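Engineer: What follows is a single structure, and I will ask about it in a moment.
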Amino acid sequence: MLENLSTEHRNEKTMNLDEMSIKEVLQSMNEEDRTVALAVEKEIEQIEKVVQTVIKSFEEEGRLIYIGAGTSGRLGILDAVECPPTFGTDDKMVQGFIAGGLKAFTKAVEGAEDREELAEEDLKSIGLNEKDTVIGIAASGRTPYVIGGLKYAQSVGASTASISCNKNAEISKYAKLNVEVETGAEILTGSTRLKAGTAQKLVLNMISTASMIGVGKVYKNLMVDVQSTNEKLVERSKRIIVEATGASYEVATEYYEKAERNVKAAIVMVLLQCEYGEALEKLKYAKGFVKKAL
């Protein structure tokens, strides 16, 4: 029942929200937001287990699939679409599904989140298999669409995890790993796009970033698999080569072009003074880890 969920409780500190000045509203929001990172901190060990599972999927050429409804679904898609430009993944490696389909990203699709079978259909459409990891996201922890997706994922042998913002969440029963970030009452009762949404975004940031580090997408703290899809990213790529090698901007640019815009290869070429082909071989042998290739 909704009344039993902490995310649905009224916040005692904001009972007079409609009487507050604009500044008081903003201060209240800021004060509540400060509690979110601390709530996430309590779930670090569980998040670590999720990351380890995702890395295993990636190593077996499996995928990371997010499923959610409303804000939760949008956050999953947001995290997924940032992976190709940031980490050089293809658009299948990390995917996000929202109840009601992509049109629900910009406009609510009434009733979609209440249908378990829609998630099964979505996951069947991509040929979900035992190598994949499915993460169900629901602030309330009770969304039928997410439960349906997790049930189907388990039936095909995929790894499963859940992210919710209530303890003992219903979706936790259908996932092997559970991240339950208890964010408590919102300043605006039941508006889980606020603290709960912030917590979900923090957890998703952790999962995707740490997992990509785990499969060699990062060298030191540089995103060396960045895709140069626009002018800003071309410049960033060159600067990454400068930072990683200590070379001048001109030398970095030269090797960036020699390496056919492959930042990892350019770094290896500069530091080992080798040709492009040799750099690629070293990276292949090192399974994409620049440090091992060196």
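Cβ atoms here come from the backbone N, Cα and C positions, even for glycine.
Among the features that Swiss-Prot reports, domain 'SIS' is placed at 54-217. Per Swiss-Prot, the feature active site, proton donor maps to Glu82; the stated evidence is sequence analysis. Under the heading active site, Swiss-Prot lists Glu113, citing sequence analysis as support.
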Engineer: Count, for each of the active-site residues Glu82, Glu113, the other C-beta atoms lying within 10 angstroms of its own C-beta, and report the residue with the smallest count.
Structural biologist: Glu82
Engineer: Measuring Cα to Cα, how many Å separate Glu82 (active site, proton donor) from the residue listed as 'active site'?
Structural biologist: 24
